[in-house]
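K.L.:
I have a structure I would like to understand better, so I am pasting it below and will then ask my questions one at a time.
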Amino acid sequence: MNVPHSVKSRADAYWRLMRFDKPIGIFLLLWPALWALWIAGEGRPDPGVAAVIVFGVVLMRAAGCVINDYADREFDPHVERTRLRPIAAGEVTSKEALILFMVLCLTAFALVLTMNWLTIALSVPGAFLAASYPFTKRYTHLPQAYLGLAFGWAIPMTFAAQTGSIPVVAWALYAATVLWALIYDTMYAMVDREDDVKIGIKSTAILFGKYDREIIGALQIAMLAILAGIGRYLGLGGLYALGLAAAAGFSVYQQVLIFRREKSKCFRAFLNNHWFGAAVFAGLFADYLWAG
C-alpha cells in the first residue's frame, strides 16, 4: 500500500522534531543512566528496570527536543543552524508540538508507573526540569548547567528503581553528570555563539568568553576526579580505571578540537562526548563482569 506523500512529509517532520534523525542526544542521556544502572545493580541490573529506564530516556529526550523547539520558535528562524527545524520552518504548528510533548511525557509516565513509589515521585521534578530548561536561556547565562540537572535526573531515578533508595554515590554520579552536560553543551553553544549574541540568547559559551577552553578543561578535570573517586569508593579495579583513562584521552582530544574555536570542530568536540560516555560505561561493564 502506497503511503500518501503528505503523510510521509508530516511523519518526517515529527521525526525530525523529536530529533530521532540525530541520535547523539539519546546517547548523551543514556550513558549516565547506564552508568547508574550498572552501579546500582552491581553489574546485574534488573531487566525490567533496564527496559523502563532505556525507553524512558528515549521518550523524554524526544519530549525535551519538542519543548525546546517550541520555546525557541521565535529565535530559531534567525539562527543558521536551526532555521530549518520543523516549527521554525512552518512544518509543525505550535499547538501540534505541545500535543506531541504531552503524549511523549504521558507515555514515559505510564512506564514509570510500573516502578516503585520513590521512582514515581522522582519523575515529577524530572518532568519539571525537562519542560522548564528551554526557557532558562532567556534569563541566565547558565542554561547548560540547568540542562545538566535535567539530563542527570535519570540517575537518582535509576537508583530508586533498582534499589529503592538514593545512596551518596548516586548523588556523586549526578554531580559528575551535571558537569559533563555543562562541558559538552558549552561546546555545542560555542557553535552558535555569534548568532546567540545577536538575538539575545544567553549561554555559558558567552559567559565564559575567551576563557572558555580553560574553564571547560577545569570542568573536565573535576568530572574525571569525581568519577575516579566513585570508583575508589566502590572498590572498582583496573578495568574501570582503563575506561576512565580512555575517557580522559577523549577529553584531551576535545580540547584539541576546540583550540581555535572553529565552529565545525567545536561541533565535532560535542559529538565526541558520545565516546567519552561509552568509555566510562565500558570500564564499568568490564570491571563488574571480571569481578563476577
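Note: Cβ is positioned from N, Cα and C throughout, glycine not excepted.
Pasting the relevant annotations from Swiss-Prot:
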TRANSMEM  23-43  transmembrane segment
TRANSMEM  47-67  transmembrane segment
TRANSMEM  98-118  transmembrane segment
TRANSMEM  141-161  transmembrane segment
TRANSMEM  164-184  transmembrane segment
TRANSMEM  211-231  transmembrane segment
TRANSMEM  233-253  transmembrane segment
TRANSMEM  270-290  transmembrane segment
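I would like each feature placed in context: is it buried or exposed, what are its neighbours, and how far apart are things?
P.N.:
Only residues 6 or more beyond the boundaries of the transmembrane segment (47-67), in the same chain, are considered here, and those with a CB under 8 A from a CB of the stretch are 17-20, 25-26, 29-30, 33, 37, 41, 97, 100-101, 104-105, 107-108, 111-112, 114-115, 126-127, 130-131, 133-134, 150, 154, 157-158, 161-162.
Tertiary proximity for the transmembrane segment (98-118) is limited to same-chain residues at least six positions away from its ends with a CB under 8 Å from its CB atoms, namely 14, 17-18, 48-49, 52, 55-56, 59-60, 62-63, 66-67, 70, 92, 127, 130-131, 157, 160-161, 164-166.
Using a Cβ-Cβ cut-off under 8 Å and counting only residues 6 or more beyond its ends in the same chain, the transmembrane segment (141-161) has close neighbours at 28-29, 32-33, 35-37, 40, 49, 52-53, 56-57, 64, 112, 115-116, 118-119, 122-123, 125-126, 129-130, 132-133, 167, 170-171, 173-174, 177-182, 185-186, 189, 202-204, 206-207.
Residues 28, 32, 35-36, 39-40, 116, 118, 144-145, 147-149, 151-153, 155-156, 204, 216, 219-220, 222-223, 226-227, 229-230, 233-234, 269-270, 273, 276-277 of the same chain lie 6 or more positions beyond the ends of the transmembrane segment (164-184) yet place their CB under 8 Å from a CB of it.
Below 8 angstroms of C-beta separation, residues 39, 169, 172-173, 175-176, 179-180, 182-183, 186-187, 190, 204-205, 240-241, 244, 247-248, 251, 254-255, 258-259, 261, 280 of the same chain, each at least six residues beyond the ends of the transmembrane segment (211-231), sit close to that stretch.
Counting same-chain residues at least six beyond the ends of the transmembrane segment (233-253), those with a Cβ under 8 angstroms from any Cβ of the stretch are 39, 169, 172, 220, 224, 227, 269, 272-273, 275-276, 279-284, 286-287, 290-291.
Remote same-chain partners of the transmembrane segment (270-290), defined as residues 6 or more beyond its termini with a Cβ less than 8 Å from a stretch Cβ, comprise 24, 27-28, 30-32, 34-35, 38-39, 42-44, 180, 183-185, 187-188, 191, 227, 236-244, 246-247, 250-251, 253-254, 257.
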